[in-house]
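Have a look at the structure below, then the notes.
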Amino acid sequence: MTDTAPAPVTLRALAAPVFLPSLLFGIGQGAIAPVVVVSARDLGASIAVAGLIAALAGFGNIIADVPAGALAARLGERRTMIAATVALAGALVMCALAPSLWLLGVGITLTGFARAAWGLARHTYVTEAVPYELRARALSTLGGTQRIGMFIGPFVGAAAMTWAGTEGAYWVHLVTAVAAVGVLLAVPSPPGADEADRPKSKAEHGGTLKVLREHFPTFRTLGVGAMLVGALRSVRPVVIPLWAEYLGLDPAATSIVFGLASAIDMAMFYPAGKIMDRYGRVWVAVPCMLVMAVSLFLLPLTHNAGTLLAVAMLMGFGNGIGSGIIMTLGADASPDVGRANFLGGWRLCSDLGNAGGPLLVSGIAAVATLGPAILAMGVVGMAGAGALAKWIPRRS
């Protein structure tokens with residue numbers, strides 16, 4: 001009697017156990033994204049304090065990235081996502097019912113913890129379950145479904161708020177997160193992918209500090225590139241609305257511009273993955289940064305809604321062709337021993353960029369004006385393109 005090798009994992013096999021939960025989780029994230037500031041203002045926060053409360057989710061992400069990697073290594077990916085959802089449920093109830101700003105802030109920070117654990121677990125699972133030749137398409141699709149969910153989320157949240165008030169958005173996220181876990185529990189893993197969800201012994205996961213120390217050269221080179229990608233991406237939803245306001249566009253017109261740019265962004269995730277798998281990672285990573293940098297250089301030259309829309313769509317195209325690039329580069333660089341721990345450090349690099357981009361725009365705009373701040377981010381994009389061209393391994 002001979003053993004039969006398991007069939008290779010396909011994108012179709014990942015649709016229900018991986019991509020559907022990601023879509024549901026993204027819908028919930030999108031539902032609460034526009035209302036955190038509103039909740040803070042309702043509790044008496046100033047505009048500055050409300051912005052700080054909204055930023056606490058990103059802060060939670062940053063401080064939880066490395067611990068989330070250690071947790072996923074010890075529990076396995078599926079158990080980590082279940083634990084993250086339990087924590088998220090408590091955080092969302094806290095946010096919805098918060099009687100004070102400090103309690104809302106704690107709740108929002110905890111949503112960042114949960115989001116870090118969920119994202120890390122999905123990233124690790126796909127990296128281990130999917131063969132290298134399909135990896136970029138799988139991870140870009142994972143990122144794409146998350147983006148689609150976040151695009152849908154505000155509309156679902158708005159519908160819920162018509163009957164439940166601001167709290168309705170938090171209940172939407174709670175329902176979608178529980179539904180995502182329900183899918184995880186109900187749908188079996190693809191054939192041959194069970195090993196990816198197995199908790200690892202200490203010998204297999206290597207220890208968090210040991211793994212991070214051994215791979216520090218990767219973090220200080222390619223990780224810096226990931227940080228610059230994160231910084232550039234994070235300013236897109238900041239600079240487009242701010243420049244639209246500078247041009248005198250009303251909120252409805254600004255929303256249309258951003259929505260059309262986001263549609264271009266979402267449409268590019270599968271072609272991006274296919275190019276990475278066929279021709280190499282560098283052929284997506286560098287063009288992504290160059291296109292976004294050029295669009296940032298052009299943005300201060302726009303003078304009406306039409307020119308702003310053209311540049312915003314170019315920026316959306318640049319961001320879209322980079323769908324999944326950070327996850328793919330991290331997956332490629334991750335070791336067999338200590339993969340989840342490594343990816344925790346890798347995602348920390350990206351999340352530091354995500355947090356730093358808007359802060360850089362704010363800082364430069366405070367001492368100069370918005371135009372120079374946008375141009376400075378274009379320079380960051382060019383630097384990121386150079387860093388990725390230099391440090392992405394040639395086999396990629």
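Cβ coordinates come from backbone N, Cα and C, glycine included.
Unlike curated entries, TrEMBL annotations are predicted automatically.
Taken straight from TrEMBL:
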- 14-396: domain 'Major facilitator superfamily (MFS) profile' (DOMAIN)
- 18-38: transmembrane segment (TRANSMEM)
- 45-64: transmembrane segment (TRANSMEM)
- 84-113: transmembrane segment (TRANSMEM)
- 170-190: transmembrane segment (TRANSMEM)
- 211-232: transmembrane segment (TRANSMEM)
- 252-270: transmembrane segment (TRANSMEM)
- 282-302: transmembrane segment (TRANSMEM)
- 308-331: transmembrane segment (TRANSMEM)
- 374-392: transmembrane segment (TRANSMEM)
Leading stretch by Cβ pairs under 8 Å, where the reference is the transmembrane segment (374-392) and the options are 45-64, 84-113, 170-190, 211-232, 252-270: 211-232
Two-stretch contact, the transmembrane segment (170-190) and the transmembrane segment (18-38), at least three Cβ pairs under 8 Å: yes
